[in-house]
Structure formats: structure tokens, C-alpha cells
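If you look up Swiss-Prot, you'll see 10-205 marked as domain 'tr-type G'. According to Swiss-Prot, the GTP binding site annotation covers 19-26, 83-87, 138-141, on the basis of sequence analysis. Residues annotated as region 'G1' in Swiss-Prot, with similarity to another entry given as evidence: 19-26. Swiss-Prot lists Thr26 with the feature Mg(2+) binding site. Residues annotated as region 'G2' in Swiss-Prot, with similarity to another entry given as evidence: 62-66.
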Amino acid sequence: MAKAKFERTKPHVNIGTIGHVDHGKTTTTAAITKVLADAYPELNEAFAFDAIDKAPEEKERGITINISHVEYQTEKRHYAHVDAPGHADYIKNMITGAAQMDGAILVVAATDGPMPQTREHVLLARQVGVPYILVALNKCDMVDDEEIIELVEMEVRELLAEQDYDEDAPIVHISALKALEGDEKWAGQILELMQACDDNIPDPVRETDKPFLMPIEDIFTITGRGTVVTGRVERGTLNVNDDVEIIGIKEKATQTTVTGIEMFRKLLDSAEAGDNCGLLLRGIKREDVERGQVVVKPGAYTPHTEFEGSVYVLSKDEGGRHTPFFDNYRPQFYFRTTDVTGVVKLPEGVEMVMPGDNVDMSVTLIQPVAMDEGLRFAIREGSRTVGAGRVTKIIK
């Protein structure tokens, strides 16, 4: 069957759900797709909760691990929606997920109010540069007391303000479950939530004019056709039959040609900044490429191993380290989609760095990473995020 072409008629916005485990992120995502499919059937299809929640581990522990992508349209926009993991163990995915958002819907259960992971996700959203957050106050059908709801709203606004988000952001009262069940009143609230997204999440400033760059998130082999790499285009545009380079992580760059571009199971002639897509690469084997590398316009970018960065070290309360670190500290530096070990050199006169400190540091990575000034990274020890920073200067 020939694949339908993806139409580029409306502004395209990447959005996602974040928040504490069991507050209803995935149910909210499912409710949005259902309500929009009912309201604009010619534009949308509904995704069932189970389809969004389809990570195998998910079934055993009731925690979202993999990132699910769904798409939907309002009258004004086309949205690609990631359902971001809600459990502290899966912050690694949260980082890759949150990095793909032009705005986020923070789901907070009115029955609980903000919880530790609510705070953690807002902090992470700030670190990885999610520009705007609005709030879906979920499970409102279960709270009769207006005062409780007002109290929760105040707490949420304080939390947003703490991380420099808009404390006057819309807080929409929803019941995702009731909306999924077809309750008209609550379906109306989901439409109000989407109206709030249309009105408040700014049209993303796309980086279309810069040379092409796409970090590799995943790699697949398609029998008889070759190797496909998937990811979100960070910059530039790409046409079918363009030559590209794959750089970073490995010693040598790999040259190849893009023989096909796919988005949401539809074929495209081109891809541009902001698109989540798959690139079919000529003559490339599965083992020639790995997550963490980037696909770029030939000659436009170079991988580096030494840089200076400005870093915020998470406090103990934020889930960071409990003890200071010293010169020659060797954590993992998380760039875009992967961890690379690096050795930290502290500035002269700085003997140690305490949790909660800001510090400028020089870093030498054990593998090269395609970077330029302003690129954000997280510092991690195993699965725990202990710092967040941005590259301030390339040394080598």
C-alpha cells in the first residue's frame, strides 16, 4: 500500500505530558485524542489508553517507561505529543522526551497536589529547555471542595514560579477518565485545555535556516531496504537524495545518502527542524551507527571532546548528590540522546563543589560529541541526574 503524504498546512508544535506517576498523564493523552477525534473526525483518530501505554515493562509495574508518540490536530495547529515517563527511575527517557517539547502539559491530580516527581519534572523541563508549561488539574471530578482546588492551584503556581515559568499560566480543570468515558462536561474541559495550548504555547521558533542536524534516537533495519535512523530534526532541512555525514561518539565520520524520509508512517520529500522522522540511509549497516551520533550536512559540524560549561549542581532535596565533588570528578555527560563519560577540571581556587552550587568547569570527554556553544547537557551518575548545564566555550 502506498503511504499517504504528510501535509504541512498548519503550524507544527511538539508537546508532551509531564508530572507525577499515577496523576493521569497517559489518560490525559488518550482523552485529548478521543475528544479531538470526536470534535474533528476528519482530522484526527483516537488512540486508546493501551495503545499509548504500550511499553512491555509498563504492564508489570504500572509505570510508563517508553516514550509514546501520538499526533492530533486542533483547528489551528498540528500537534505531535509525547507521553513522557513519570517514574524517577526513568529520568533518562524524561530527558530525551522533554528535549522534544515546545511546550508541556503538567498533569497534577487535584486529589494529591504537587508531588516530588511533579517538582522534578518541572526542574527537568527547565534544564532541557522546554519553553512553556501549562497545567491540567486532573481528577477534579473527585474533589468537591473548592478550597482544596484553590490550594492546589496556589502550590502549582509557586512551583512554576520557582523554575521561572509563567506563574499565570492557564490551569484547566479536567477529568481525563470521565472525558474518555464520553462525559460531555469533561470532554468540554479537554477542548478548553487544547484551546489553552493553542493560545498560550508560543509558535516554536524553528531552526530551519541552519545546516541540517538530527540526533539519532533509534536505529532499525528494514529488510530489503536498509537501515533507518529516527530522531527529531534539531536544525535545517533535508531532501531525499541529499548526502549526509554521521558524526560523534566514533573516531571517524560516516558518509551516506538519504534515500527516504518518513514521518508518522507517511513518506515525505523533505524533513525540517522540529519534525520527528525516520531517515533511510544508503549502504549503512545497523552496526555502523549508534544512538547519540548525529546526522548532519557534510562539513557543517565538528565533534569535540573538550569544552567549558556552566553548571548547576542539584541539591540533595532535588534528588542530587549528598556530598561534594572534587577536581577530576568523572560523571556521565548527557548530550541530546546519550551519555558520555567526562573528566571535570574545576577552576583555580575552587577545591570542591557542593550540591546546590553553580560552577564553571572544563570537561574532557572520552568520546567526541557534536556540539556548539549553548548546547545543554545533564550530568548524571548512573540513572541519577546530579547537574545541568550548558556549553559556554569549545576548547578542542
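Count begins at 1; order follows the chain as displayed.
A Cβ is built for glycine as well, from the same backbone N, Cα and C atoms used for every other residue.
On a predicted model such as this, the values are computed, not experimentally measured, just so you know.
Per DSSP, the secondary structure of the region 'G1' (19-26) breaks down as 2 helix, 0 strand, 6 coil. If you measure from the Cα atom of Gly19 (GTP binding site) to that of Thr26 (Mg(2+) binding site), you get 10 Å.
All protein chains included, Asp22 (GTP binding site) registers 16 other Cβ atoms within 10 Å of its own Cβ.
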